[in-house]
Amino acid sequence: MKKFSITIAGGGSTFTPGIVLMLLDNLDKFPIGEIKFFDNDEDRQATIAGATEVILQEKAPDISFTATTDPKTAFSNTDFVMAHIRSGKYAMREKDEKIPLKHGCVGQETCGPGGIAYGMRSIGDVLELIDFMDEYSPDAWFLNYSNPAAIVAEATRKLRPNSNILNICDMPIGIEELMANAIGLNSRKEMEVRYYGLNHFGWWTDIRDKEGNDLLPQIREHVSKFGYVTKDESLQHSDASWNSTFAKAKDVQALDPETVPNTYLKYYFYPDYEVAKSNPDYTRANEVMDGREKFVFGECQKIIDEGTAKNSELHIDEHASYIVDLARAIAYNTKERMLLIVENNGAISNFEPTAMVEVPCLVGSQGPEPLTQGEIPRFQKGLMEQQVAVEKLVVEAFEEGSYQKLWQALTLSKIVPSAQVAKDLLEDLIEANKDYWPELK
Ligand code: NAD
Ligand code: G6P
Ligand code: MN
């Protein structure tokens, strides 16, 4: 059996150790001969890489391992690039969240002004990684989950149409695990779903078990009472802010009781509520820096110091096993059904063909085949048209260096109340992002 070579771009990510442990846990299904880390921050990556070396020595000494900042080393002879970079790191995430709040708008990593600012940083960096892959391993596949995935996906569609790229998000997977738990199933894999939307902006319209029994009524009832909060606390993200997001899904679902929604829609439906409960001096970025980042880097340093991972509390990110499913689908032509962010091209029949939409696809060695979801209702169509226009305008603004288009994008965002607020925001965001954005004219 072929042993695959994997490049993890964003080797210094807080998610890297969980993904490595997950890959090691799945070697029978997906054999690996080589893992390479690539990051543009050598020091940050060194801590995660140092711990990974110890972990591999103990669990899988046959896998060769390199951590590098050199693109040629990282991207040569690779089969899959798993990309989760964060352009500007948490310092810039903090600004993406705090600057909008200063203007009375939702401050969020991927939605509204924060997502637009992050998009303008991410596009160039992700395209650069794709170019490295295309230069050094042109047959490889690029599995992207770098955010904001909606904007990055549109940029890859438009600017790298011939590269092998799959854009994916773990939010629907996380929510499906909660749904499965709420109705007493062992795993989300017992469910087959129909879903449509944009990334962080979608709805489940049909959920069945493998025999075809309709599970949606039960799930709808649970969500209408409790959102996605379930009794099994091990499934919840441990932070309070995530639990309040899962609870708020109840109010999001009330807008269309026939379906169940993606949690991210709360930022578009209840922005006033979100702003009111935000602390402009301590946002999710601070929570992550004080929580996940300290924990992961602390545990990795401990592994390095002790020379063993046997006392480590780092855990397998089970949740991330969709990454193996995706790689296996390509490698072995499994035709697994997965939600991906793909060019619409008729999958939603009454929606813009060139929009990047999130829909179920069959994934095989030729890539994804989107499954048709038919016509969508006026409410969702209206919301999605507005949001997809924002995403496309951001990519055009990046491409053309256009101040005007970025102002239009911010003005069109449902989260921003007026063109004046959009302009004030834009001025602040330009200043904060001057080391990252292309110059706007
Ligand atoms: P992190 O800051 O801990 O890790 C990101 C790493 O990327 C850092 O080590 C940084 O140095 C590196 N990096 C930044 N720019 C780079 C570049 N141009 N080239 C190479 N490396 C670069 O962040 P995190 O919280 O672990 O998240 C990582 C990414 O994964 C984020 O984009 C996050 O939004 C994304 N994410 C996506 C999903 C999804 O559903 N799609 C789920 C979880 C996380
Ligand atoms: C979910 C989303 C990701 C997002 C992450 C943020 O997993 O699908 O797109 O990056 O949440 O989580 P965090 O813990 O960093 O706030
Ligand atoms: Mn996501």
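Each position is counted from 1, following the chain as shown.
Any Cβ shown, glycine's included, is placed from N, Cα and C.
Taken verbatim from TrEMBL:
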{"type": "ACT_SITE", "residues": "Asp170", "note": "active site, proton donor"}
{"type": "ACT_SITE", "residues": "Tyr264", "note": "active site, proton acceptor"}
{"type": "BINDING", "residues": "Arg93, Asn147, Arg284", "note": "substrate binding site"}
{"type": "BINDING", "residues": "Cys169, His200", "note": "Mn(2+) binding site"}
{"type": "DOMAIN", "residues": "195-416", "note": "domain 'Glycosyl hydrolase family 4 C-terminal'"}
{"type": "SITE", "residues": "Glu109", "note": "site 'Increases basicity of active site Tyr'"}
Here are the recorded positions: Glu109, Asp170. Which has the lowest count of other Cβ atoms within 10 Å?
Asp170
Apart from Arg93, Asn147, Arg284, which residues in this chain have a Cβ no more than 8 Å from the mean position of the Cβ atoms of those residues at the substrate site?
Arg86, Tyr90, Asp96, Glu97, Gln108, Glu109, Thr110, Gly114, Tyr118, Ala285, Val288
Which ones are near His200 (Mn(2+) binding site): of the recorded positions Arg93, Glu109, Tyr264, Arg284, which have a Cα within 10 Å?
Tyr264
Tell me, which recorded positions from Arg93, Glu109, Asn147, Tyr264, Arg284 are within 10 Å of Cys169 (Mn(2+) binding site) if we use the C-alpha atoms?
Asn147
Quick one: pull the CA-CA distance for Tyr264 (active site, proton acceptor) versus Asn147 (substrate binding site), whole Å only.
14
Identify, in sequence order, the residues in the chain of Asn147 (substrate binding site) that are 6 or more apart from it along the sequence and have a CB within less than 8 Å of its CB; answer 'none' if there are none.
Arg86, Glu109, Thr110, Gly115, Tyr118, Ser122
Go through the recorded positions Arg93, Glu109, Cys169, Tyr264, Arg284 and pull out the ones with a Cβ less than 6 angstroms from some atom of ligand 3.
Cys169
Spatial separation of the residue listed as 'active site, proton donor' from Arg284 (substrate binding site) - C-alpha basis, Å:
18
Residues among the recorded positions Arg93, Asn147, Asp170, His200 that border ligand 1 - Cβ under 6 angstroms, in sequence order:
Asn147, Asp170
If one measures from the C-alpha of Asp170 (active site, proton donor) to the C-alpha of Arg93 (substrate binding site), what distance in angstrom results, rounded to a whole number?
19
Give the number of CB atoms, excluding that of Arg93 (substrate binding site) itself, located within 10 Å of its CB.
25
With DSSP assignments reduced to helix, strand and coil, which class does Cys169 (Mn(2+) binding site) get?
coil
Here are the binding-site residues: His200, Arg284. Which has the lowest count of other Cβ atoms within 10 Å?
Arg284
